[in-house]
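Asks: First the structure, which I've put down as structure tokens, then a few questions once you've had a look.
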Amino acid sequence: MSETAPAAPAAPAPAEKTPVKKKARKSAGAAKRKASGPPVSELITKAVAASKERSGVSLAALKKALAAAGYDVEKNNSRIKLGLKSLVSKGTLVQTKGTGASGSFKLNKKAASGEAKPKAKKAGAAKAKKPAGAAKKPKKATGAATPKKSAKKTPKKAKKPAAAAGAKKAKSPKKAKAAKPKKAPKSPAKAKAVKPKAAKPKTAKPKAAKPKKAAAKKK
């Protein structure tokens, strides 16, 4: 009994190791297949770019070009069609004739130039990040611009003195108006003072009458 017990667990141990080896072989085989050549989309774009036909490259002509490049067209026929559809949807290829994978295809010049532009944009974006930091500095300048707001507030205070000055000016005309009536009563007072001067000759008459009384006394 003791001899048979260790033999039973020893049997499943190699059974567990074998699937690990199979998985490793499958992953190595998949890696070899992927590394065997470039993807279908790159081969299609190269074949379409190499053609000089203005109307575009047909599917049959494209397959011939791929076969000449050493690509197995018969086995990968479905991949070629899927690659064409994906390139058309992305905009790298333009379908001039037909629908789907069948028809004629032409390289999109805008997309070809656009592929080179993103690289330049990335380099430009890295440079643009530094000016972004410089753009933050003007924000500090906006903080310095806040005194302008306070400067705008001060004129409001200046307006109040101006209004007060206007009020004082408005008050001063009242004083001037009051001064005019004061001068007016003075002039009649002078006129009254002139009248008594004219009345003095009247008082001289009684003085002339006094000698008459003296003459009467002498009598």
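In case you wondered, yes, glycine gets a Cβ from its N, Cα and C as well.
Predicted, not measured: the structure shown is a model, and the values here were computed from it.
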Asks: From Lys26, Lys109, Lys136, Lys190, name the one Swiss-Prot lists as N6-methyllysine.
Replies: Lys26
Asks: Select, from Ser41, Ser150, the one residue given the annotation ADP-ribosylserine by Swiss-Prot.
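Replies: The residue tagged ADP-ribosylserine by Swiss-Prot is Ser150.
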Asks: Looking at Thr146, Thr154, which one is marked phosphothreonine in Swiss-Prot?
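Replies: When Swiss-Prot is consulted, phosphothreonine appears for Thr146.
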Asks: Say we define neighbours as other CB atoms within 10 Å of the CB. Which of the modified residues Lys64, Lys90 has the fewest?
Replies: Lys90
Asks: Hey, what's the Cβ neighbour count for Lys106 (N6-(beta-hydroxybutyryl)lysine) at 10 Å?
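Replies: Its Cβ has 18 other Cβ atoms within 10 Å.
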Asks: Which one is it, among the modified residues Arg54, Lys85, Lys90, that lies nearest to Lys106 (N6-(beta-hydroxybutyryl)lysine) by Cα separation?
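Replies: The smallest Cα gap between Lys106 (N6-(beta-hydroxybutyryl)lysine) and any of the modified residues is with Arg54.
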Asks: Within 10 Å of each Cβ, count the other Cβ atoms and name the one among the modified residues Lys52, Arg54, Lys85 with the highest count.
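Replies: When each Cβ's neighbours within 10 Å are tallied, Lys85 leads.
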